[in-house]
């Protein structure tokens, strides 16, 4: 297994939290920690008149969020490599933090095809 990719849709969220850049950054940091991932860097951008996009770069991959406060909606991806992290825990935390009334979570195992040749060569 290369890793796990979780796609999270949050509905009925707190619109003020969805438009608070500092809150989004704090939530991404907490999600990284609870997933057992190492946060390397973070970038966020606040749109006018509303909405935020954020990316938490992890040693294990990434967490991204895109918010639409006017629709009380957020789209989140959590992708972690290896089997030492728990991306579902990050998703659960983010759903709670943003006060989602409902959510939809899809999880996928990411893996290389078993039939592919190992391209590592010895000199």
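Backbone N, Cα and C define each Cβ position, glycine as well.
Copied over from Swiss-Prot, here are the features:
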{"type": "ACT_SITE", "residues": "61", "note": "active site, schiff-base intermediate with substrate"}
{"type": "ACT_SITE", "residues": "66", "note": "active site, proton acceptor"}
{"type": "ACT_SITE", "residues": "81", "note": "active site, proton donor"}
{"type": "MOD_RES", "residues": "61", "note": "pyruvic acid (Ser)"}
CB contacts for the residue listed as 'active site, proton donor' [other CB atoms within 10 A, all chains]: 18
All-chain count of other Cβ atoms within 10 Å of residue 61 (active site, schiff-base intermediate with substrate): 21
Reduced DSSP assignment, the residue listed as 'active site, proton acceptor': strand
Surrounding CB atoms that lie within 10 Å of the CB of residue 66 (active site, proton acceptor), all protein chains: 16
Alpha-carbon distance [the residue listed as 'active site, proton donor'; residue 66 (active site, proton acceptor)] in Å: 22
Cα distance (Å, whole number) from residue 61 (active site, schiff-base intermediate with substrate) to residue 81 (active site, proton donor): 6
